[in-house]
Structures are given as C-alpha cells and as structure tokens.
C-alpha cells in the first residue's frame, strides 16, 4: 500500500455544500483554473461511481415518522382546546388567541424539526432520506420535516396565516381539508407562476436601469474614507464573505508590525488571519465612499466577481449591470422554489426562561409592574435589567432578565424544575417587517349587543354607528331568535289615533283619543337634499329665546306626525317616546312677505333621518369664539382625542348643570398666513422684517408687520408674517427659556428677562428663531385668551315640567375645539370671512340610567302645524321603543299559575319548529318563550325577538345547596376603623361605586356584597365595612397601602372578608360570597355556590328564591382602541361585524409573489417597514442637529450621517431577506444599488440660492462641489428615493425616456434645454453608438493618449495644475 505523504493533511469529515465551495476556492487560488477543473471532473466521476455502487434510491418505506409526534400533537390540541375555552369565557380576545395559536403550533413544528436529525442518527444513519437531505443536492431540513414531521400552519398567497394547522405529513397523507389548505402556498397554475416571474423580471429591469451607467473608469479616486468592519461582531461566514475581494483603506498593524498596507486587496488567507486575530476594526474601501459621481474606481470596487484568479476589476467593466442582474436574478429562481417550501408559515416566538432546579423566586418588586402578556395571561413587566434569584437549600442561582421581558411568577413563589419563569420577547430588529392588520370579529348568532363600559364616537365618523372603546371591556351578545312578520299597515289609521302594535292579538285596536279638526297640517319628509342632491344638509333654526313653551304629544308609536286640537294647550305632556322642539313661529299671512333670519344653531341630521344613542343632534357656534384672522391655537390640558371634551347632562325638565369642571383657557396666537401657488412672484425675502401694508406679491399686501418666513410646501409656497417684539437673548435668558421649546408666559411674570420692566397685561408666546448664518433671537408674540364657557343653559329653551314627569330623553351639552394643539389656521378668504374656534354640540340620548332600556333609535321629522292663523314648525324626534312583554305562552292547564315557564316549556326538545313567515296567531300557538317586539332594519317590517329555551336556561332549585362556610381568621388591625370612602377599579374596567348606606350601614355597590354582621348603629359617623380579599388558597391580598379595600384584578369571583367590631369578638373575619342581581352579567367560570349547578355565560333574566333563569350570552373581550360597530342595545344578526382589532403582525419569512420585501425596500415606499422608519430617522436627524448646530452645518452634518446610517441599514436588511432563503449575494452589488438610492439630496428653502430651486433633487457630490466652487453654503436635506424615481432623475434624459414616461421626459428636456453627454451605456445603445464599456472604453481612451503623446509637460506646469485643483476644492485664493 502506498504511504500517505507526510506534508499532506488528511481531513476525516463529511464534506457538505459549504465545504465543497471552500475547497474549490482554495484550489483556484493555489493551482489555477485548469488544475481545478481536472480535480472537479475526478470528483464528479467519483460521485457517479459511488452512487451507482450504492444504488441509493428514495422509497416510501424510507420515510420514518418521528415517534414523539403523536403525543406532541395531542398536547398541542389540548392547549388549543383550553385556549378556545378561554376565548368563549371572555378571558382572552381574538388577537391574543391568534398569537398563542401561532406559537403553539410553531413550537411543535420546530421541535419536530430538531428531533429529526437525532432520530435518524439513532435509528437508521444510512437512511436515503437522511443522506440526501444533507448532501446539498436537493432538499433541506424544512422539506424533510414536511415529509416525516408535520406541515403545521400555512400562509395564504398574501402571507397571512391560516388558523387551521395541518397536523399530518406527506408520509401519512393529507385529508381533503388539509390538502386544500396546503395548496394555498404552492404554485397555483401557469398563470400565477407567470405573474410572479414577471414581477421578478420587472425588478431586475429597474435594478439594471438605475445603475447601468456605473462603469469602472479609473484606478484610484484618492479617497481616504472607508467602511469599518469588525470581525468579532458578526459570524465567521458573514465576515469572510464581506471582507474577501475588498481593498484596504488603511494599514493594518499587529503591534509594531504592519501585515497589510493601504490599497491591498484582501484574499482568503489574509482574511482568515485577520478573523483569527480579532484585532481592531478593519477599514476597507466601498462604493459608498468613492469620490466619483457617475462611475467607480478599481480600488473602491475591489476584485472582479467574474475573475477566477482573484484579480482587481478591469477598466471598462460594467459593474452596474452585473450588480442589477446579480440581485434580480435570484428573485426569479426563488419564485419557482415556493412550490417546495409550500408556503409554510414561520413566525418569531418569544424565548422562554425555565427554572434550572426547584426553589423560591426572589426579585425586586419596585422594578416591575403588573400587566397582561400578549397571550392574555397575568404577568409582571420589568422596566430595566432585572436579576431574578432562585434559592434552594444549598444553591443560589441568579438569572439576568433583559428589559421589556415578562415575569410569569410572583415574588417568593416556589417553582419547580423546568418551569417557565420568564418570557423574553423575540429579538426583532428595529427595522423588522410588520403589517398593520385589521381583524374583524363576527357574531356567531343573533341577539342584542350590550357593553359594560362607555364608548365615544370616532372622530372620522361623527354621525355613524362606529364607536371607539376607551378601555378594556366586554361586549355581550345576548342570544335571541329573530322572527320577522309582515309589514305594519298604518294607512287605515288617521293621525292621532292610538293603537297598540305590541299586542299579541291578531288584530289591532283603534282607539281615537283626539278628534281631528280642520286645521291644516303640512308634513315635510326628512329626506333632505341640498342643491347638488347629495343630502345631509344643515337646517337653520331660529332663536329659541322667542319660544316660551314646548309641546309634545301623548304616548303612541305612529310613524306620522300628530294634528293638534285647537283646545289643546301648548303645555308639556307625556314625553316618554316623543318630544317636539319649536324652532319657528310666525303669522300665516306674514309668512310669504317676511324673510326669517337664522341664528347660528344648525341641526345635522343623517340622510335616513335616524339617530342612534349618543348621536350629535345640533351645533351652536358662539360668536365670541369667531375670529377673522389666521394664527395658531395652543392648549395643553384639554382632551381632544374624542369629540366630547367637556360635557354636562341636562334633562328637558329645566334641571341646571351639575358638577361642571373648569376648563383651561384656549390660547390663540395671531399670525398672517398666505398660501401662494408655485408660480407666484414673492416680493419679500425670507427672514426679513416688513411693515404694515407692504407689498408681498403683485396683488397682495400685508395686513400686519413683522418677521417674514417663506417656506416651500407641496404645490405651493407658504408665507408667514409673525407680529410682535424681537429680543436678543443674554446668558440669563438662555437659562430662563428652555432650549428647543416654545413657551407661554402668563401675565403675572414680569418681562425683566426681555429688557422690559413693566408688567405684562396679556399672555406672551415666546418662540426661538434661527435665521440662516445669523444669531438666534426670541420672538415675543401677543396671545389672545379665550375662556371656554360652560355650554348652553337649556333651562331658558324649554319650560319647566308642570306634571313633574321623568323624561326618557336627555341632552348632553359640550364644547370641543375644532383645531388641534399647535395647528395652523390658514388665511381668511372672502368666501369664509370668519372661522369658528370652539363649537358647542348637543348630543341626543335616552334611558341613560336604565340598564333594561330597549329603545334602539330615534326618527326625526319636521311638523308644520297651523292653528288659528298661527303657523308653528316643530322638529319632532320619535323614539322607536321595543317594550318587553313578559308574557309567556303557556298552556291554560298550568297548575302553578306563577307566570313563569315550567321546566317542560323551557326544554329545547319540546319546542316546535317555526318559520319567520308565520303570522302572529301562528307564532302564539307554536312558540314557547318570551316575545320582544322590535323594529327591523327595514323600517317597514316588524320583528319578533324570541327568547326561547335554547337561549335561556334555569338553575334550581337551590334548597339543598350549601353555600360557602364562613372562615374565621385572626387579622391584626393597625389602622383606625374609620375607613374613607374611595372608588376602586375592578376586573377589566368595572368600577363599583359606593351609592349609599342603609340604616344598618350596609355597603351597596354595583356588585352587591352580602355581609353577616353590621356595624353597631349607635356610632354617629358613617363607616365603611373593612374588607379583605381571599384567594382560593385562603391567602389575603393587600395591594394598595392607602386603601382598606383589596381586589384581585385577575379573578372574576370576588370573596370578601369582613371585620366584626363586636366587643365580644374583637378580631375575627368571615368569608362571604357575591349575591346575584337581576340583570347582572355572569361568566361561565363563576361559581356561586358549592355543589351547585354550573353556570353558563349570560344575563340574569328572572330571579326567584328557589331558582334563577339566565339568558344565554357570549362575551367578547375587547381592548382599548378597538372599533365597535354598533351601540349598546342594538340588534345584531349572525355574521354581522361586532368589533375590529388593529394590531401589528410580522410578515411571513417565505418569499412569494416575486420578492415583495426586497422590492419594497428598493422602492422606499412600503408602510410600517424599513423605508418608513428610515424616512422618520432622516427627519429626526435633520431637525435635531439643525437646532443645535444651526441651519447650514446642521443640514450638512445631518445629511452626511443620515445617508451613511441609512445605507448600512438598507444593505443589512436586504441581505437578511436573501440569506433567509439560502442565497448568497456579494455586498458590493447591493451597495451599488443603495448608493443610487441615497445619493440624492433635496434643496432646502432655508438660505435660497440663485443656482438651485427649493425642492430640487440634485446629487450629494454635486451639491458639495458647487458649494465649494461658489464659496457659499448650499442648504439641503437628505432624502431617500426609490429605484424608479432615481431612474427618472439622472443626468441623461435619453435614459429616462427609454425607461418610463417617454413623452413627459422628452417634453421637459426640450423646454429646459437639457444636454445629454452620452456617458452611460443605455443612451449610447439607444442612439446606435458604441457603448463605453469593455472594448468601447479602450477605444475612447487610446485616441486621447495618442493625441497628447508628443506634448511635454513641464514640472512647474504640473504643480500649477495641482494648485488650481487645490484652489477649487480647498478655498485657496492664491498660488504660493
């Protein structure tokens, strides 16, 4: 046997794809291309020989399922079942359920993927599937996991997750449902594949077009800048790929020895040595730092990507086109590869921290606060780095917890080994791809919607039925079957006739109460349309002060207005379902000759004339808050998130407002603001001071004098004139005025800081100004202060109620500011001479204090009544009410006669089927249950809400049930028994407020608490019974040190311990339970008694001594900010949208539809992704640095920093997308594209120059060189442009016209007289010339060298030329 050479190394390991790449690279560097190709041919033949000898084939018997899959899937199913139960109980909302479901199945799929390799290694190491999956030929671990593991969650073509997971694998076979879901992520025919391939091809075309002019035209540009790369920060493969092929920008020293010099290219051996040493950061040259504008040098680019010997790139190489094709071509291949990945969904899960052993948890409670996890579980959130200690008998272990992590255990809690104690959020990047997803929750069944908290109108939809939840609450759907009947015919009845449409008889009863006279009646329909026919106009109302009496009619439910009897006195009558507002009164013979003047009160009525609860009825514009000048509004404490900012409830009986709080004043800073078109000629300069009546344009003069600021806006120019005094700051002024902040100074503070000693009469607005190249100063502007009134007093509008009846209808009066804090009010034009700052609104509501209100909506109409020559117009609002008729359809032989349904009647099996087309007589015979009559959405039909046995259930009797036995426990009392009355928050926003005390000092709240002992009545002071909270283990919680009432916010069943202050029993406690109230909402998890029947979710419908009947309902947990499509008491149908959640969700990691992520980053237009975040970072840098360094230096440094930071961030994020799919792309290709995206700057309006226009896009290097040549700074801002916009803003209009918008580009080029110097490849190809690349580049170079070959250049001339260049670049005015 031949001996092995001693100097040849032998590597005894498996060679995979990565090792083969390294081997080929080393062979090329060591022996060259010819020898390497010979070696590779031998390797190929060896592979064919071994494959033929081994005969490896893939059969179905080789697919071995992982043994642990069965119990893992069962565990996941159990967790999903519990999660669904929590959702039905209302403990978690839909978004939390979705997140937890994703993490459950994703964790199972990841665990199976990890167990796959050890399973093959132990059971069958020579399995063909195991060998082929890691050979690098075809397939990967993810695809093998789908064969023998499970597919898990799938994503649709848009990247959204499908809720139903695929539990089977391809070896076991898929069911029909799983097969249909599985086909979503795969290729769906030729058309879909062609579309996605076309998208990838279009991306390649745009990438090539934006960099087609970048050609290697020089060896060294002379730059001294470079890119800092640290080998120890990233992984070894990433660092090696980033460094190989680069050129050093600085020398590298290891101690005193220089191992690499500047402009030396980095090979594989040198890079490995540098990574091994892990010394200081390495500075390499990059396309970002090349000083050329439209080309690149050899040293800044590095080695050629097409050269096998590792030489530097040749002159004339079209590296731009190579970069565009290198980035775009993998997109087409990845588009076709989506069939193999199958659209499997992958989402980032949180990292869990588990206890290493049994012990007790210790941590600092001051650094955490209670919260809910994204799964809806109670936890603690830590603010900063927290050290959690686990103490056992002999071991103390400390676990560091990073900020924004969740602690799932309590302090001093005993944990077991491997128990999850903390959850660390997934380390998502700042520029992680997230989508704002709207998830709609639909009703499963029909019924009534109720909410246990208040809702306010959405600002965008003031008249719609869309509401916003201010806090976490539950939405209840109380079940009920809807049975519709035929239309209600009112044509057989006359006006003012009484009829009962809620009667259960077949025929109605006609009982006229008022005779009809000969007075005229004119009824105006509510379908209001303006001149354009769009509808929804404003109806003016006359002054209410002329009216001294109001009018209403008796109780009826007609749809038409009433005719008033002549003897009917115009006094207040029953206003239970209707009321009328008089708004016009005039003699009939004067009606046609006189013109009625309208006040500022206007009514806003929806087009259909229907009002919901809390609907805005009317507006009133107070003339005190009208302004005729432009300016800025300022206020600090007034809430403007909702339309209602200050409100008071006022009944129509003349009750005065109560508990009116004081509102902070509204400040208005007058400023003259003008918006001119872009073509306007501005006759004043920016940052200049003008006087009154100064000509600012050809046909416009200023109304005030002051400082002028000119700013370019979108499609126009904004000109502001700031009136006031100017004060230059001193040192003490800088201490008095906060930096970078405008303030308001009250009149109590003297102006000694502004060179004046007299006392100010009004408020002063101080604003810091920074003009270009000048010192900063303070601008002192006068302020107009408005005190917002307390609203309209309705006592003078409506007379007192003589009958002293309680009204259902209520008005809510409030004020809201029409403009936001700091919002600029534009100039006042002739069409709109005055602007209203504060508007008073009137909100219509009814039955505010009643939980059992069944009124759904109010119908508005206008009535014109003529009595004895007097014409009166009324706005009539008719409440459409559905009365609850507790009439149960029972048989006549009911022996009990109690009026309640028996057990047989409430049984679902005894209920006969029914149809909605049955008449009322048939309904009466066939339905068993409570009938609630209500108006349908179609206002012509009636509906019956049937509360049958399927919607109600009975619990009882409770005769043999044992309640909780009282527990006695000694508690030390350290405080006085006098306990202050204090409101406290209960679970999920429920606020039980203390109402009053009875003679026994019994505490009454919304959730009534039964107590066994009362305080002795001889004490004269009111005292609250001291209560404690006991959990299921008998522990007593004390959460608030300033209150003696302790609640557990995560437990819905409240137990209280009550002190007994009797002399004989000074210190003992008793446990009590909650009493069920009529109308109370109960959850299924609540237990009211031991050994009692299990409750279902719903509302207590009937409450008796021996039993209780609960109407079934389903709770939906809603988070703050959720949109509710309806109001409390509204009838909903199955499938209706109840609530909409808005949350952020990470996109799927699988690339579909032709690289949408990469396309979004290159175009800089995607929402909630890196592009928008980079734009926000640019704006922040520009604003922050400008304030501290001034406009010129701030914009210059800010632009440099933002461009550099944005370039690096874009390169890293694009590489992440490609590396996630196993695609390796050289960083230099991406850097060339990103260089074009970040190479443009936007000329700023600050410091206008005669060379560029404000808002013009120019190159960064062009702006720098122009500023040096003119010896004057040019103000500009950094901007990110997409590849499409960058292709349309180049130096060649021929290249732009051949890309997009040909006619527009050529027309603009002709008008501007642009010159195309034909520097790029595309313009030369279009005109049929030779492209300046490759041999064409050499043809351009050689003639010039021959022409000047005979000229002798003197040394002095050369030095003089250097001096001129130095004079141009470094401001030298003389040659020395």
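Any Cβ shown, glycine's included, is placed from N, Cα and C.
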Candidate from 221, 258 that Swiss-Prot assigns to the same Zn(2+) site as 290, 297, 300: 221
Feature region 'Disordered' in Swiss-Prot, mapped to one of the ranges 895-919, 920-944, 945-969: 895-919
Local backbone state of residue 300 (Zn(2+) binding site), from DSSP in three classes: helix
221, 300 as binding-site residues, winner by CB count within 10 A: 300
CB-centroid shell, 8 A cutoff, Zn(2+) site 221, 290, 297, 300, site residues removed: 218, 220, 223, 285, 287, 289, 291, 292, 296, 298, 299, 301
DSSP state at residue 221 (Zn(2+) binding site), helix/strand/coil: coil
